[in-house]
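Peer 1: Not my notes, these are from Swiss-Prot:
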- ARG12, PHE13, ALA14, PRO15, THR16, GLU48, TYR175, ARG193: L-glutamate binding site (BINDING)
- 15-25: motif ''HIGH' region' (MOTIF)
- CYS104, CYS106, TYR118, CYS122: Zn(2+) binding site (BINDING)
- 231-235: motif ''KMSKS' region' (MOTIF)
- LYS234: ATP binding site (BINDING)
Amino acid sequence: MTASTSSSYIGRFAPTPSGYLHFGSLVAALASYLDARAVGGRWLLRMEDLDPPREEPGAQAAILKALESYGFEWDGQMIRQSDRHDAYGEVLNRLFQQGLAYACTCSRKQLEPYHGIYPGLCRNLGHAQDDAAIRLRVPELEYRFVDRVQGEYRQHLGREVGDFVIRRRDGLYAYQLAVVLDDAWQGITDIVRGADLLDSTPRQLYLQELLGLSQPRYLHVPLITQPDGHKLGKSYRSPPLTEDQAPPLLLRALRALGQKPPADLDGASVAQIMAWGMAHWDAALIPRTLSVPEAQLS
């Protein structure tokens, strides 16, 4: 499946301010940016600040500064999910009133034996919304989609996920609900992101279907992993992006995405590297794997 034409493509990058951008973030951002710009599409920026307790002070400003110093130019104003709570609440209440969602008072300890697959303990108990998580009822159906890099992906929502949380017990809205509503609101046609979100996609497809929303195309790029197999990330103290390393790290990110920048780009400026990337971007060259060890990258 190919990306949209230039007249209709709208992509996005949606970082979480729980820490600074690192090399793994750069790979995902670069893939989404080049996939949009290569066809003359728009590229939007969204700050996924749904979880204030986990937000690192100064992270939002640092993320914007890093993107700018690495040559990313977004269209329009950045939006913040923290400004969208009314929209999330309106849809959540509608789902609850229609019987498509319900309140759940299960504790983490109660759910430990079920290994992340919710068994429906509160499904028919009729709890009030107060001091409870809100879960979306899922059908006993298998959802499938064809990812532009990873190929066909299938997941049975009932057996492999169970009814999933759309608002946490502490009142914070869950990622699955927010991302679906924001992508639709912004008119996103193409989602390019890390392969760690591949298994979230069927839940999002179900929500889109339930709410009558259009479904974007998806492209999940391989995660960059450390020697122990963990992905690069804030949880593992991956070093933040620094401005002085922008040109070599952009070239390294291009190679991680299977692109083939020529040797004469060594020593080039950020603008020159980005221009080459936009002119030569080929999503078909992205490795069709879930991860790429950082140690393999030159």
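From the backbone N, Cα and C atoms, a Cβ is placed for every residue, glycine too.
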Peer 1: What three-state class does DSSP give TYR118 (Zn(2+) binding site)?
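Peer 2: Where TYR118 (Zn(2+) binding site) sits, the three-state DSSP reduction gives coil.
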Peer 1: List the other residues in this chain whose Cβ sits within 8 Å of the Cβ centroid of the Zn(2+) site residues CYS104, CYS106, TYR118, CYS122, in sequence order.
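Peer 2: For the Zn(2+) site the neighbour list reads THR105, LEU111, GLY120, LEU121, ARG123, ALA133, ARG135, ASP163.
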Peer 1: Determine, for the L-glutamate site, the additional residues of the same chain whose CB lies within 8 Å of the mean position of the CB atoms of ARG12, PHE13, ALA14, PRO15, THR16, GLU48, TYR175, ARG193; present them in sequence order.
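Peer 2: Checked against the 8 Å cutoff, the neighbours are ARG46, MET47, VAL179.
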Peer 1: On the DSSP side of things, how many residues of the motif ''HIGH' region' (15-25) fall into helix, strand and coil, could you say?
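Peer 2: So the counts come to 3 helix, 1 strand, 7 coil.
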Peer 1: With H, G and I counted as helix, E and B as strand and the rest as coil, say where DSSP puts ALA14 (L-glutamate binding site).
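Peer 2: Where ALA14 (L-glutamate binding site) sits, the three-state DSSP reduction gives coil.
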Peer 1: Given the binding-site residues PHE13, TYR118, TYR175, and counting only Cβ atoms in the protein chains shown, which has the most within 10 Å of its Cβ?
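Peer 2: Its Cβ has the most other Cβ atoms within 10 Å: PHE13.
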